[in-house]
Amino acid sequence: MAPLWSVYVLLTALVLLQNFKAHADDDKPLGSPFVQRAVREAIELVDKAYKETRVSQKQQLSKRSLKPSDLLRFFKHPVATTRVAVRSAEYMENTLRLIQQHVHRVHKRSLNATDLLTAADLDTIARVTGCLAIRQPPICKDDCFTDRYRTFTSVCNNRRKPRLGSSHTPFTRWLPPHYEDGFSLPLGWTPGRQVSRFPLPLVRDVSNKILRTRNEDVVNDLEVTHLFMQWGQWIDHDMSLSPHSGSIQTFNDGIDCERTCVQRNPCFPIRIPRGDTRIKNQRICLPFIRSAPACGSGELGSLFGDVNTRQQMNVLTSFIDVNEVYGSTDCLANKLRNLTNELGLLAVNEEFSDNGREYLPFNTISSNLCGRMGESCFTNENSTPCFIAGDVRVNEQLGVLTFHTVFLREHNRLARELKKMNPHWSGDTTYQEARKILGAFQQIINHRDYVPLVIGDEATMKYLSPYEGYDESIDPGIANVVATAAFRFGHLSIQPKLFRVDENYQEHPQFKSLDLHQAFFTPWRLIKEGGVDPLMRGLLGRPAKLQRQDKMLPDELREKLFELTAHLGMDLGSLNMQRSRDHGLPGYNAWRRFCGLSAPRNQGQLSSILRNRDLARRLIDLYRTPENIDVWLGAISEPFEAGGRVGPLLACLIGQQFKNLRDGDRFWWENDGVFSGSQRQALQKISMSRIICDNTRIEFLPRNAFKFRQYPQGYVHCSDIPKVDLSAWREDAQVTPCGSVPVVKHAHFSICKSSVRYTCESRFELVGGDTITCLSNGQWNQEPPGCVDPQSTGHHNIRIKVIQGGKGGCVPKGPNGKCIQSASQNDVEKVQLNEKNVKIKNAILSGKTSNG
Ligand code: HEM
């Protein structure tokens, strides 16, 4: 008998064929066979570019030495679920581009595009490319057990608009984007093209003339620690990651973006100005790959009168939920867990420990990314493992890796404590409860201790006045301007060194402080050079860099970003500005107006806003008008607000974002019903210093880990730092009015309101309904289930099997594929939709639908 799926494909093909014929008979300029051809061609183009990129990526990663751009690409390159989402968007974008090209070629006049593409055509394109599945709202369940924890993707946090704030959705726009062609091409794409009556300067020219700072000229910020900087990056990795296109070559003609100054999607190389501070050859460029578009955005703009401009995708959940520890997809989340027992732990490194304390597990993908030959000497000569965590940037530099390690330990510490108090909890309940507590810690430390130091007193009062409850109408998504410009303010607080100090907060005698470029992608240093403590002490005991209008970005970041070898280092300042043009961010003045601030019209007015005539003059020399100043640059140039580390524009943008993340989060720690009153009270004792005390061997530290104190003034012993009392999490196994929860042998249970859900220990299988509910008459609605040993009863396992992912990959592939790691309903639905699309796609590619 033919397998079910082939019958399905045949039926789908017939339906599509009918559809196409009907359109062809209409005799319209663009009938569906035309659309179909465009889709087929686009799929072929994208698949070819992806395949070639993959081959070249593999070759690069196995090379002896890596270029800085290889390293950036490593964490920007879409993989797993991100790749599925990005690929769909690129199929769609390229289909529409081909259609557009055809329209221009054939009709040579401007046409009302709605006459050319019917709604059905668009629907077909969206369906076949996979975009429809990605954009369809999932169904949110509302049973007590499912809805009690955040989903990993954060879908259904907002129950009315379930995708708000979830991973793999477009960034939120607070202002419409500003593209050169109105819908897709970055500003500055065409050399000499005017914006607000003036051409934009090259970003590298701006970087040279405004940002340049010698490492030794950096000024210390004696108010805040270097850990203040590190927390900023940590929280950013909880909020946003915009992936590159899945191709590193042009779709049309296969030109490698890394070796060209040609500007064609997705290549948007950074050109070198005359008289550059470092690069003398103007014919080379710093590579830059455009961020991937989100489904259904971009090229459609010209067809539908600029209603659909290019959007970029956030790989992460927007919410402050510690997704950098747990992952933003079900697949990754499961991969990071220790599922071999019922302790609710995260998986840890099996080969190495930090004097008995845990390290993150290694990523199973082997590459030379995380250390040069000879410097990495773990498993064997050819293997230089990277760590794996919930965020792909974990290995980017040793400071962020230190945070990842400490937060992994904190999860496991919480899980062990909780399990001790509640031995009846399953591994899953223990894991979820520890995850929920860690999420609350992150929110409290961020909003109570960190954000006010960033935005200052006035903005804190304005945006973070006392919590008034969850508001479903607030969009909690990360704004494109925040990810691409505003929150990158933290780049100005990075020291050119990563400090490593001993117990007395003196330079470590054995493991000296590192120039930052020596700390990029070198996780082996954590294991081989003293573990977490010297680095964490360095973050606590040394000040952050001070952002000053005349000392902006040190050479470590402007000339040596990701430079491990002699290759061309990247420039973080240029990347930030090129990225904001890539994302179509409007200029400085548009954002000043958005925030209700004055918009300077000339150099004089800019001087008074910046309180700096020289800087205003240099900016106007480059941009000619304040309108055009790249928003990141304009915003970081403003003098600080009182009590803060940013100026008024950033205080507004960052303040608004954190307000939305608080008030638009149904699982916000203060929201009614998320924690009990006694739990809420206990949680407030948390501090970053406490987390460090509990998970390192550090004994003395500043009480407030963000505020710089010269050791030993203001340093306290860990015993003086308050602890969170977890006794409020002890669960009484009673349900009113039924009394004690019935004990089932070999089962764990958890209680939600008046219901009890049982799960069996591994090896045992559940017989009967898993949930019992206590009725108002004091009786249980049914008998509890049993846990039986299938070996002894001959009972067959009929549950979906959990199959481990392949080498590092983790794409949900469906019942016949290899990598369903969890059976969450959302994932199963997604898989089914994806399978459908793949089949339709295959039918189109093989030409079956058009040729019969
Ligand atoms: C040593 C420390 C750091 C390094 C090496 C670093 C490096 C980078 C790099 C290479 C990018 C990607 C640039 C691009 O191609 O668009 C980036 C993005 C970003 N960084 Fe940093 N960064 C550091 C610290 C920080 C800090 C302290 C903050 C904030 C307080 C921050 C906030 C951001 C944000 C918001 C993004 C955009 C993320 C996205 O949506 O893709 N970074 N950083």
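Positions of Cβ are set from backbone N, Cα and C atoms, glycine also.
Listed in TrEMBL as the disulfide partner of C787, from the options C760, C810, C819, is C760. Distance noted between the C-alpha atoms of C760 (disulfide bond) and H491 (heme b binding site) is 49 Å.
Taken together, the residues in the domain 'Sushi' (716-789) have a mean pLDDT of 95 on the 0 to 100 scale. A gap of 55 Å separates the Cα atoms of H491 (heme b binding site) and C787 (disulfide bond).
C787 (disulfide bond) falls within a strand when secondary structure is assigned with DSSP. Its Cβ taken as reference, C787 (disulfide bond) is surrounded by 20 other Cβ atoms within 10 Å in the chains shown. For C760 (disulfide bond), the count of additional Cβ atoms within 10 Å of its Cβ stands at 21 [all protein chains shown].
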